[in-house]
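Asker: I have a structure I would like to understand better, so I am pasting it below and will then ask my questions one at a time.
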Amino acid sequence: RDQEYQKTTGAKMAGGGTSLEYTPTWVVALVCSVIVSISFAVERLLHRAGKHFQKNDQKQLFGALQKIKEELMLLGFISLLLSVSQSKIAKICIPKDLSLKYLPCKKPKDDDKSLKDSSHFQFSFTGRHLLASDSAAGDYCSQKGKAPLMSVSALHELHIFIFVLAVSHIIFCLLTILFGTMKIMQWRKWEDQVLEKDYDADQVIQKKYTAVQEHDFIRGRFLGVGKADACFGWLHSFMKQFLGSVNKSDYVTMRLGFITTHCKTNPKFNFHKYLMRALNSDFKKVVGISWYLWVFVVLFLLLNIVAWNIYFWLAFIPLILLLAVGTKLEHIITDLAHEVAEKHVAVEGDLVVRPSDDLFWFKSPRLVLILIHFILFQNSFELAYIFFIFAQYGFESCIMGKVQFIIPRLVIGVLVQLLCSYSTLPLYALVTQMGSSFKGAIFNEQTQHQIVEWAKHAKKGAKKGSDQPGTSHGDSPSTLATPSPRSAHLQSLFGKGASQQNHESKGQPDIVEEYK
């Protein structure tokens, strides 16, 4: 019996490498220590980053960090699921004719040569263990006259590709936010210049008149009236996103339009800090990988068929979308200028634009964030796929395609990353504030928490059907007969500059809904 066991073990070792039974203990301990040490180092790094964000009251960035942890946890679950189920999946057999359809590369007639030279589901470093597992699964299905659904080495590669994709998306998002924030920080000097002025709204309205056509914002954005000028306006908006997408007159004018609409009683409102809080809050949504993005990954993998060159054409999707989004955001600024210039020759006080959701696609500023999210993910997918194929199969891989297909894909990927970081993202941060309502980031964290708590108490009171005057579901806080200290404090917060003009009752629920 011992001899049979030794023969069986020897055969396994010859085909699949040394098992754990015959691996030196110091090797097992060393490898385990290295893996555990790296894992704990990454965990401690994320923990310290979270502590740093909390200490500096950067709750939006802390929320983004939590989102990254969720993505890593999802990757860990995917990894565990693939590792546990790979042997069972490899033993699922399908007809041989199905295994030869929709291949990413032409399969050589000589299967042995395919395995040796040009298999594109086999890592160069996976070793004899994966080859032995593939051989066992192949023998299992070949005895039935069928082929395995997916080899163990192919599952292993898919496993690593998913990990590379997710990590690449997180890294590229971090780089985009970092460079975009650096660009937005350059606007701080404009904010400081405005805040340094002795600004009195009443005196400006009474004593100052502005010639609309002489204003820097109008001269830079208003191009005339008519169809020809409208077409030229779109072309101007397209080119503007590449050179000086936002200048001082744009920033100051849109800042005044936002404050006049939403914070009229607080002309000293720090608009730049609000932009940074709003951008950090949006970053938490962008860095995640939503379910519909995983659907796109599956769809793209499905369409990777030989001779279709689908990845070459897919590389143009993020570029086209990014140029469309940038052009639209620039044109919204132009529309704001046209709205004022076409109606007025001179205005009392400073030139003020009117924010409105009608300026955006489908009257939804949020749609722009969804498109940017998809653009960043699609670009990350494209670059991650190129690096993955190059690292595992080499530059000559048939999946990589011809050189005339590879170079444009790399150039487009880098161009999308740079353009989104330095132009589109800062444009988004500024122009999306020209919607009809403001974001919850207009309040600091303490105020947001108080508003959410107030909303919860209001809902509980409504459910209990309180008969106290002024506490019915349809009444607004301003009609309470005997307001509580909490309600009075919240009303004072809204009155300090966080309420909307003519949208007060509409603005409060928007913020409450966002931070439930």
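Here the Cβ of each residue, glycine as well, is placed from N, Cα and C on the backbone.
Heads up, here are the entries from TrEMBL:
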{"type": "COMPBIAS", "residues": "468-485", "note": "compositional bias 'Polar residues'"}
{"type": "COMPBIAS", "residues": "503-516", "note": "compositional bias 'Basic and acidic residues'"}
{"type": "REGION", "residues": "461-516", "note": "region 'Disordered'"}
{"type": "TRANSMEM", "residues": "26-46", "note": "transmembrane segment"}
{"type": "TRANSMEM", "residues": "158-179", "note": "transmembrane segment"}
{"type": "TRANSMEM", "residues": "286-305", "note": "transmembrane segment"}
{"type": "TRANSMEM", "residues": "367-390", "note": "transmembrane segment"}
{"type": "TRANSMEM", "residues": "410-431", "note": "transmembrane segment"}
Asker: Determine which recorded stretch among 158-179, 367-390, 410-431 has the most C-beta pairs below 8 angstroms with the transmembrane segment (286-305).
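Answerer: It is 367-390 that shares the most Cβ pairs under 8 Å with the transmembrane segment (286-305).
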Asker: Would you kindly check 26-46, 158-179, 367-390 and say which stretch has the most C-beta pairs under 8 angstroms to the transmembrane segment (410-431)?
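Answerer: Stretch with maximum Cβ contacts: 367-390.
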Asker: Same chain only, please: residues at least 6 beyond the ends of the transmembrane segment (158-179) with a C-beta under 8 Å from a C-beta of the stretch. Say none if there are none.
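Answerer: Contacts of the transmembrane segment (158-179) (Cβ under 8 Å, skipping residues fewer than 6 from its ends): 68, 71-72, 74-75, 78-79, 82-83, 86, 123, 150, 279, 283, 286-287, 289, 297, 376-377, 379-381, 383-385, 387-388, 417-418, 420-422, 425.
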